[in-house]
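Below is one structure; the comments refer to it alone.
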Amino acid sequence: MVAFTVDQIRSLMDKVTNIRNMSVIAHVDHGKSTLTDSLVQRAGIISAAKAGEARFTDTRKDEQERGITIKSTAISLFSEMSDDDVKDIKQKTEGNSFLINLIDSPGHVDFSSEVTAALRVTDGALVVVDTVEGVCVQTETVLRQALGERIKPVVCVNKVDRALLELQVSKEDLYQSFARTVESVNVIISTYADEVLGDVQVYPSKGTIAFGSGLHGWAFTIRQFANRYSKKFGVDREKMMERLWGDSYFNPKTKKWTNKETDTDGKPLERAFNMFVLDPIFRLFSAIMNFKKDEIPVLLEKLEINLKGEEKELEGKALLKIVMRKFLPAADALLEMIIMHLPSPVTAQNYRAEQLYEGPSDDPACIAIKNCDPKADLMLYVSKMVPTSDKGRFYAFGRVFAGTVKSGQKVRIQGPNYIPGKKDDLFIKAVQRAVLMMGRFVEPIDDCPAGNIVGLVGVDQFLLKTGTLTTFEGAHNMKVMKFSVSPVVQVAVEVKNANDLPKLVEGLKRLSKSDPCVLTYMSESGEHIVAGTGELHLEICLQDLENDHAGIPLKISPPVVAYRETVEGESSQVALSKSPNKHNRIYLKAEPIDEEVSLAIEAGKINPRDDFKARARVMADDFGWDVTDARKIWCFGPDGNGPNLVVDQTKAVQYLNEIKDSVVAAFQWASKEGPIFGEQMRSVRVNILDVTLHADAIHRGGGQIIPTMRRATYAGFLLAEPKIQEPVFLVEIQCPEQAVGGIYSVLNRKRGQVVSEEQRPGTPLFTVKAYLPVNESFGFTGELRQATGGQAFPQMVFDHWATLGTDPLDPTTKAGEIVTAARKRHGMKEEVPGWQEYYDKL
């Protein structure tokens, strides 16, 4: 047992070259938390007997009950390497003790915002893949997120015990299934990799892939076996590693290596990987599971495994676990892989700095981040808030990218909307104290230097969810995180007892702090709305709200889906609107924006903050826009960054720039609440064709222009074939063959469209992918389990907005029904106003 003290960890924090910040990411139920256990156990925090069952990083009660991870949890581990291994590390190191900051993240797609928060503060990722199920939809999503943050992956193929015990595969089959998994991971990596990272594909022969079983607590990399055999055969370890994977065969008669499958007589040879790596494992499994009492001691002696007194009495799975743990301890393989192949903060920040920092790449803050310099000004990014045991207070959880954070230090707390040189969204306050996050516990420390992950007390009142802490006055913010999911499911929350209202408001504030991807706001009709990414996410949020954050009984409305309003054609005539004092007129037309441009805006490829000339170049080259139009984009809306645009197509209008601010403000308002049923607009482009303004400045103030622009936008919108869009989930369902029929019948009832259906080679499992409207997804999981006898497991992730083909203005159609119901709920008049209501005659 390595019992270590906080002082030891603190002293290691200064050796930046010996730190590894990494997160564990994977598809749901591929065994992240279970695998993390074996690492935690090595650090001496939980006993060996519990490892694999304790799921130490699942700290919440509901996480233990449901058996899923909901929040990402951080823990620091201490590890030592032999001098021989340290020599093989490709980057600078000092000494042979290492500090590993590990974050166990959720795999369930509803919580992928937690994964984003975890990835931002780490430099490497351990991607866990299930041998039997292979690479799934969520594996791809999290890998894509990681590579987008320039994070280097290593892979662990987990649940090998399932392949051996449940499926009883042969050695060659297992090799093929490993090879397939490796290949599909590399395909994803090469698709999304960033040139700056270099080649980050994973190769078993280089030791960047481990194979093992988290439940049984064993794992190996090819390097470990190469170590054993290179001593025995007297060969160089590097050469041995290359031979233990791929098409290389060893001929025991001639004692020669070949890359042909047969020897000279045409007899088939056994693949080196099967012979040297899998064979001992298969033999142990068969001897122990078939209770061959006489073979076991011989095998153990050969493999140099010593059992203690009472361990000799065990049999079956219990014995198997102990033997495999002694033969190939999981922690050794994983720690070796993490330390040798993942970058230290010094290495990583060098290439991640430009992507993390919003300002220019030559200002002092960016240079300090690049060098990971503990003596520079402080730059710290808070990626999420963690609730403390004391109700209502939070630790700010983040990473020091430069400088050193000390208890009691005065810092500038910059929220996400802070602009250098202004005073908005900025507080200057002292950090009360710094703590080290250890799963369920925290340990106070005095200070924390660059490259480490830390929790801060006393900052929570000044930040909503994320932000930058710095001591350098000219510092820009660290870039805001891009979430791959968006909150599309909403419910209205009311209190049962009117006296509890203030508690609800306070609780909603705390809820929106504690979860990076939940939205809380108040609607026009005075309801409190909570929006989440899916059914499960919402359920957990509301349960937290009721039990922890507000602590009062609540009434919750049935879930409602967020829609978008859009147009399909160009306005059939020019929309004209006059100001209230009849002295100003705005003429405009609305038209649709191509889906790919909307997606590019939503993904941040076309950015409102970019230089307008560069942006116009991109839009002209990649999306076929007219350059003059692209240069004259006045604003994005709603919220200044949505997928709707105002383009100035006027010619020689006097005083035009004076009304620009008013027009922008009006468009933000109009695009946030569309004319059909008060939902946000999407993919609408408004071209201002002409403006007539009064010569006297007093008659063309905001009060005249804003309502005019809004009315004109609505009129143009309603003249351009308005439609509504509904959000659509991509569902991936894994199931055995006999359950496929049940899936189709449920999908048909729910307006789902099947996209693909394929069988995983070497397994009886089928993977069905389908599009399912979010509106129909409530209770989908339950119905699916009923129809398939509990054999199908759906994973739903928001995929795209789909336009409903029917006319939303006609109450008899499907779209019209949705509109009427929503207008009733919002307390508006039931029929949608016609364009005439917003259009003014000359």
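Glycine is treated like the rest: Cβ placed from N, Cα and C.
What you see is a predicted model, and the numbers here were worked out from it, not measured in a lab.
Copied over from Swiss-Prot, here are the features:
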- 17-253: domain 'tr-type G' (DOMAIN)
- 26-33, 104-108, 158-161: GTP binding site (BINDING)
- His699: diphthamide (MOD_RES)
Subject >> Cα-to-Cα gap, Lys32 (GTP binding site) vs the residue listed as 'diphthamide', nearest whole Å >> reply: 65
Original post:
Just checking, which of Ala26, Asp29, Lys32, Ser105, His699 (recorded positions) has the fewest C-beta atoms within 10 Å of its C-beta?
Top reply: His699
Original post:
Mean pLDDT, the domain 'tr-type G' (17-253)?
Top reply: 77
Original post:
Long-range same-chain neighbours of Val160 (GTP binding site), Cβ under 8 Å, sequence gap at least 6?
Top reply: Thr131, Leu174, Phe211, Gly212, Ser213
Original post:
Reduced to three states, what secondary structure does DSSP give Lys32 (GTP binding site)?
Top reply: helix
